[in-house]
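S.K.: Feature table excerpt (TrEMBL):
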type	residues	note
BINDING	K82, D339	FAD binding site
BINDING	G208, G209, G210, P211, I212, G213, C214, E215, G298	NAD(+) binding site
DISULFID	C73-C78	disulfide bond
DOMAIN	34-352	domain 'FAD/NAD(P)-binding'
DOMAIN	378-487	domain 'Pyridine nucleotide-disulphide oxidoreductase dimerisation'
TRANSMEM	36-59	transmembrane segment
Amino acid sequence: MSQTIVSPMDVYNQRLIAQVHPADWTNPTPVDRYDLVVIGAGTAGLVVAAGAAGLGLGLKVALVERHLMGGDCLNVGCVPSKCVIRSSRVVAEFWEARQFGVMPPDQVEVDFGAVMERMRKLRAGISYNDSVERFQKLGVDVFLGQAKFGANQTVGVGNQTLRYKKAVVATGARAANLSVPGLAEAGYLTNETVFSLVERPQRLAVIGGGPIGCEMAQAFHRLGSDVILLHKNAHILDREDADAAEIVQQTLIREGVQLVLGATLERVERSQAGKVLHFSQNGALSTLTVDEILLGAGRSPNVEGLNLEEVGVEYDKRTGVKVNDHLQTTNPRIFAAGDICMDWKFTHAADAAARIVIKNTLFSPFGIGRSKLSDLVMPWVTYSDPEIAHVGLYEQDAQNQGIEVETIKISLKDVDRAIADGETDGFVKILHKKGSDRILGATIVARHAGEMISEITLAIAGKCGLNTLSNVIHPYPTQAEAIKKAADAYRRTLLTPTSQKLLGILAKLS
Ligand SMILES: Cc1cc2nc3c(=O)[nH]c(=O)nc-3n(C[C@H](O)[C@H](O)[C@H](O)COP(=O)(O)OP(=O)(O)OC[C@H]3O[C@@H](n4cnc5c(N)ncnc54)[C@H](O)[C@@H]3O)c2cc1C
Ligand SMILES: NC(=O)c1ccc[n+]([C@@H]2O[C@H](COP(=O)([O-])OP(=O)(O)OC[C@H]3O[C@@H](n4cnc5c(N)ncnc54)[C@H](O)[C@@H]3O)[C@@H](O)[C@H]2O)c1
């Protein structure tokens, strides 16, 4: 994130910077030795530092950030993207208004500048949580500057040296570059720059049909850009459940996002008309001209410049710092958490990993009682409209692991509240072990699938099976009733001719 330019420097971005990288900040004088030195103040680093310092045990904790406290999530990730998505949903409400008996105005005007200003205002408003001031008050020594490992358990920041007992690498990731001829020269946006836009790009090409590409393509299209999404595989969101991804793909097409699937971007050039993309699809070459290109084609871990080789921390430029299940690197005194070392690149995953690191660095003497990453039950949500939420195994994972499974799928077309809401595009799919009510995974597609998935995450984590879910009373009418319907559907599969006969006798006798 080092190259991020926070712009425009309006009152909101000034407020943001005052919180997350105050211009007048002077680094403290380091103590003799820190219990923990944490590198990177994104979610992972902030949670480690706040967790360790906030215990009231007098632990000495240093937190080093080279750019903006809050990292990607606050500044150029979850927070700004969800604010922009919210505005775009308002537009979609207008598009659909007629089916609710509400006549929209002939023309829905989007003030793109106002959308982005709203985002900047909200982002600044919540930035105190991640601020230098708050962390200083928590007792953390905050150092602003680029951190680099040195000899003898030290980290250098500028001309200061921090000695540590244990260190944590939480330096995150950035948008992966594409080595496409002419792309760099033509110029492109990434998540680091797209939220600085003040004017709507009229023609926008989005490269990559993963979560970033799909969320942003839909949002920008709804806000009035002509969006073309180039994805290299045959289907967008191709790591998700195929039925779920299909619903989002059809929604994007219906709304007017132009999808180019199986696309290879060959080269880019600038012309007077704009940025010209030359791409191939099924062997045929085509061109298109746009005003802006947004790259969302995966992430590269921030491993450079840390001197990791010197301290024996192994890493890979693509997958990041190598860690074991306890989040310990190949140097036993150095741990890692978040996007720098994990496949799960989510804020809540960085948070959960940070809690593991606190336990394993500070409260597991001789390795006793260490927590493991593999014990986590990790949900995630793609905030397209409708959203896709997932937790646990996919059918394919279960097959690969040789686990026999059964699947229950409830369409939202059969859920009263979804019908009333006009939000029937979606489903709840639950995967359970064959012959058992044990839930192994679930995918939900719904307008607010993210709000629904935690019930199933809790069921998996708390080892509550479908029998228990079936007994849980769900308020009527809610879309979450689909989960109970799935559990009831499972219960019905347990009825055998003998148990049915028995129930018949009981009914006669009653
Ligand atoms: C557009 C977008 C939308 C997203 N939406 C969601 C979402 O809705 N939900 C969700 O769960 N996740 C979302 N994510 C993912 C989420 O933002 C990341 O998983 C999360 O921010 C990872 O946190 P982290 O602490 O590992 O890394 P980061 O947030 O990247 O923080 C790392 C920090 O380390 C600093 N740093 C790097 N090198 C050094 C160094 N040498 N010295 C000092 N400091 C250094 C960086 O400046 C940065 O501040 C989104 C990401 C993007 C890009
Ligand atoms: N809602 C969320 O939680 C959320 C939102 C945004 C991002 N994120 C996190 O950030 C990570 C990064 O997101 P992302 O979407 O950039 O990465 P991604 O790796 O998840 O998806 C990128 C997609 O782009 C495709 N691609 C790669 N090169 C391409 C090319 N040259 N042309 C066309 N397509 C190409 C890939 O096949 C892939 O499917 C995600 O994995 C996710 O963990 C999370």
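Just so it is clear, glycine is given a Cβ too, placed from its N, Cα and C backbone atoms.
Source: prediction; values computed, not measured.
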S.K.: If H, G and I count as helix, E and B as strand, and all else as coil, what does DSSP give for K82 (FAD binding site)?
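M.R.: The residue in question, K82 (FAD binding site), is helix (DSSP, three-state).
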S.K.: Using C-alpha atoms only, work out the spacing between K82 (FAD binding site) and G210 (NAD(+) binding site) and round it to an integer in Å.
M.R.: 16
S.K.: Filtering G208, I212, D339 (binding-site residues) by proximity to ligand 1: which pass a Cβ cutoff of under 6 Å to any of its atoms?
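M.R.: The ones that qualify, in sequence order, are I212, D339.
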S.K.: What recorded positions among C73, C78, G210, D339 have a C-beta sitting less than 6 Å from any atom of ligand 2?
M.R.: G210
S.K.: Take the mean position of the Cβ atoms of G208, G209, G210, P211, I212, G213, C214, E215, G298, the recorded NAD(+) site. Which other residues of that chain put their Cβ within 8 Å of it?
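M.R.: Going along the sequence, the neighbours appear as V206, M216, I236, L237, G296, A297.
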S.K.: Let me check the 10 A CB neighbour count of C78 (disulfide bond). How many other CB atoms are there?
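M.R.: Taking all protein chains shown, C78 (disulfide bond) has 16 Cβ neighbours within 10 Å.
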S.K.: What is the biggest Cα to Cα gap, in Å, among G208, G209, G210, P211, I212, G213, C214, E215, G298, the residues listed as binding NAD(+)?
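M.R.: The span, Cα to Cα at its widest, is 14 Å.
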S.K.: Mind checking how the domain 'Pyridine nucleotide-disulphide oxidoreductase dimerisation' (378-487) divides into helix, strand and coil residues in DSSP?
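M.R.: DSSP classes over the domain 'Pyridine nucleotide-disulphide oxidoreductase dimerisation' (378-487) add up to 41 helix, 32 strand, 37 coil.
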S.K.: If you count, for each of the binding-site residues G208, G210, G298, the other Cβ atoms lying within 10 Å of its Cβ, which residue has the minimum?
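M.R.: Selected from the binding-site residues G208, G210, G298 on minimum Cβ neighbours within 10 Å: G298.
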S.K.: Is it possible to get the count of other C-beta atoms within 10 angstroms of the C-beta of C214 (NAD(+) binding site)?
M.R.: 28
S.K.: Under 8 Å between C-beta atoms and at least six apart in sequence, can you list the same-chain neighbours of C73 (disulfide bond), or say none if there are none?
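M.R.: Correct list: G42, T43, V79, T347, A350.
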S.K.: D339 (FAD binding site) has how many other Cβ neighbours within 10 Å of its own Cβ?
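M.R.: D339 (FAD binding site) is surrounded by 32 other Cβ atoms within 10 Å.
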S.K.: Using a Cβ-Cβ cut-off under 8 angstroms and a sequence gap of six or more, which residues of the chain neighbour I212 (NAD(+) binding site)?
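M.R.: Listed in sequence order, they are S81, N191, G296.
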S.K.: Near the Cβ of K82 (FAD binding site), how many other Cβ atoms are there if near means within 10 Å?
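M.R.: Other Cβ atoms found within 10 Å: 14.
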